[in-house]
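Structure first, commentary second.
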Amino acid sequence: MYNSAKQLQRVLTAREIRKTFLDHFTVNHGHKFVRSSPVVPFCDPTVAFVNAGMNQFKSVFLGTAAAPHKRVVNSQKCVRVGGKHNDLSVVGTDGYHHTFFEMLGNWSFGDYFKREACAMALELLRGPYNIDPGRLYVTYFAGDKVLGIPADLECFEIWRSLGFPASRILPFGCADNFWEMGATGPCGPCTEIHIDHRPDLGSVEQRAKLVNAGRSDLTELWNLVFIQYNRHADGSISQLPAHHVDTGMGFERLTAVLQNKSSNYDTDLFTPIFDGIQQAAKTPVYSGSFPDGGNAAVLDTSYRILADHARMVTACLADGMLPDQNQKLRRVLRKALNISEHVFAHDKLLTQLVPIVVETLGEAYPEMAAKQQAVIDLICHEQEVYKNLRESSSKAFAEVLMEFPNLDDIDLMECPGFVPAYRELQMQRCKFSNNTIPGDFLYKLTDTYGLTEESFLKLAELENMNCDLERYRAEVSLAKLKAKGNQRETAGGSLCDLATEQRIAEAQAMLTKRLTPTDNSHKYTYSFDKESDSYQIPPLKTRVLGMLLNDAEVSRTQGSRIQQPFTDLISIVTAGSNFYYESGGQQSDGGKILVSNHQQPDHPHSLDVIGVKHLNDCVVHICKLSSPTDAFQLAIGDEVELQVDAQQRQLNTCHHTATHLLNAAIRSLFKKVTYQVSSSVSSDQCKLELGLLGKRIQKTDVQLIEDLINRVICSAAPVEVQLLSAAEVLEQNDITMVPGEVYPEQGLRLVNVESPELQLSSKELCCGTHATNTSELSCFCIVNLKQTNRARFAFTAVAGQAAENVLKTAALLRHRVDLLEKQFQTDKLTNATEAELQTIRHNMLHTDIKLPYAFKMDTLERITEMLKRIKDSSRTTLKEFVDVEMRTLLQEKPLDTHPFILHYITSSALVEEIPLQRATKLCPDRPILVISVCDSVVKARCCVPEKCITEKFNASAWLQSFADTFNGQIAAPKGQNPQAVCNMKGRRVSNLFEEQLEQAMSKAHAYAKLYL
């Protein structure tokens, strides 16, 4: 049993213990309380979870950010499930490992140091916590001759002066008492306070030998780190100009000590959760037994695992982490679901534990209470995904899971090629170096198995491997190049081969490494002129810092050296720039650079800016001569004038603000768990892909979204921008952030649009350019909606002038369709009527014409109804079209080059009842899968000759790969072999079924290519 020897008059609750710690430092010692950062790393891409109290202050120690206060105290939420700190595998088997835990800590940033830190710690332990110092041991750094660092005798003397006898002050080496952030950077000695839970087992001398020996009855309680050195790349150590203190004490262990418990799980942090499990599942009460403790130990271990995982899942989901984007979280969540179902026979148990977790932790972390329903919704969604995955799993898939149990964490229904890709990775990984999947292999995964970049990144995470994304993207570019006959079009319409473009990119990177950074703050200097209804962007005069002519660095260039003025590229780096470079999903600006013309001073030379890059803190303007002239001259140090294309910037700006309003409107209207997957902003349109749980967006929803945004535009709400630090951002609760995004420590731009009367609030971190007032957007409309995943929707929208153009196009089309409908009503049909309807329908579906989405859907329904009426008079003739279409197809695709047929019968759109058997009978010599779509109903039939049937390739399996996209039901005709022939029952689809059809056929094609 943990025993502090001095029995407290009253056992403190966990809440009181946490509050006592925080009050000790804030009230008694002038510290500032800083709330816990989310467990999602905010400014640190090096870790998957916040796993220590110091994570949010790492940049302060590195010197890249200012300290929020000189003295800080907090209780930090931490998660450890992988990497160096991996507690997942042992959770539940002992009394002190957890995936989620709290770290109590106090910090000094250049203020107090060793003596004050030790004194404050001992004061708390001996005073408010009433721990007998006779149960405490302390350690100090013994020094390291190799590093040339002496023993921390100062620390030894401090503890002596605070009343510790020398027998309780123990020296240890680097492994135990020297802290380092990394291979280089801040580091320093530490002192640890250990507590003896069983002092009756031996003398001080005997027990002292057990410190740092891995004993459960003598454990570390508090670690005080003194950051006073800096390790350099050559391994040498030097003193830091300012010294810091970083301390950490595990809250769960401290609570067990103060509540006189032998296990962290016996404290009031966990017992309410155990009670909730027992009451819901009606299982035997938790008894606290551990492995080797009999039959009860198995159940008790499950109690501990489920309680721990419920805390971890609740904390992560409340902080905005998503299982779909973090496989470690999904693994823990699914393990908790499995235990709930298989051990406690209660499939809703995990969601019932969330309110209990919130009750135990919500006072310290109010975001948990605020997000409680969202957490429950996310768990329910993940449970449904997991359930569907298991239910739809074939025998073959079950065998795969037995072979590769790790794949249980992946939604394989979204990517049928994942399993064979995983198998190939297992075979090939021994050939890879540095635990990195090479770019050419990544490209093979996408090309052969249909994996997306997102899915192969999940694959790499599953195997704890890295990906050579740079080489992969080069392979993708090379494939595009080959497809276009070794030529591809670059920005601005010029042609250059990939090798040249790569050389230019490498030269740009080398050039910018040696130059001073560009002042790019001028890109935010612009205003809106109401009279002209346009943006005013003042030109910027600045000096040239560096220059390339194609891939060659030059100090001076002139017209005579530019052999091909419309294709030769000039890369110019300037001291300042008002051009926006592509970032935050927003495309870069276009415009011109004006260069002095010494022959005609009033007519400067002009360079077209066709691209803008940001490299090594420099802005690179990629230019071409606007017109060929030998008189053109430009040298480093020359003054130039940068002119941004204001019209393009205005469209980009309006579309970026529109993207924020769209995101906010969806969250406001539907009150569902919503998260951003991706966004892109251009002068043509904006795209926003969102995860939206528990809601299927319909045509009427689109109209609601548009209406709300247009009312916000009419309300002329101001768009405000605030500059914040990361610490200031974390103090706010209502900011929309992109899950998994890593933000800088300083200079974060918070874009805020508030329309209280319309109950819409948009607060997003964003580096893009934005309108100054919503009225500048003029109007807004959604032009496309696509469901990209089980719970993901991609919106395409336009605003401003682009939206006005779309509405004008819609008005013209509405007028024409109205006239055609009048012809139907008066029976004044001509032979050209059907042709015109088909042309309109084709243009709406297959061209780049933009129309309001709701209008487009309504119009397609009207056209479909008119075409249906036309078909009634020619049904028999049209059925013959099917035979003609199939015979033509088979002639064009002979057996020797096309071992299988996968075909959508286009003429099926004209005939209400096409017997697909009629089509498959025409192809008896090879596997065939044919699809028809008529009156918004999709059907399919598959036949496989007996000679082609295998366990993995047969009619049922092949058709299933197609049907999954539509959630279609398949079955063999009565009395027939499902491996030889199979039908998909008709499924209703929208008028915009082409995208779904393309996706389904792509999966079926990949399946046949892989297994036939």
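Positions of Cβ are set from backbone N, Cα and C atoms, glycine also.
Note that this is a predicted model, so its numbers are computed, not measured.
Taken from Swiss-Prot, the feature transit peptide covers 1-24, and the record attributes it to sequence analysis.
Same-chain residues at least 6 positions away in sequence with a Cβ under 8 Å from that of HIS770 (Zn(2+) binding site) are, in sequence order, THR653, HIS656, THR657, HIS660, VAL719, VAL721, VAL751. HIS770 (Zn(2+) binding site) falls outside any helix or strand according to DSSP and counts as coil. Summarising the annotation, Swiss-Prot assigns Zn(2+) binding site to HIS656, HIS660, CYS766, HIS770 and lists sequence analysis as the type of evidence.
Neighbouring residues of the recorded Zn(2+) site, listed in sequence order and excluding HIS656, HIS660, CYS766, HIS770, comprise GLY584, THR657, THR659, VAL719, VAL751, GLU764, GLY768, THR769 (Cβ within 8 Å of the Cβ centroid). For CYS766 (Zn(2+) binding site), applying a Cβ distance below 8 Å and a minimum sequence separation of six or more within one chain yields GLY584, HIS656, HIS660, ARG749, LEU750, VAL751. In three-state terms derived from DSSP, HIS660 (Zn(2+) binding site) belongs to a helical segment.
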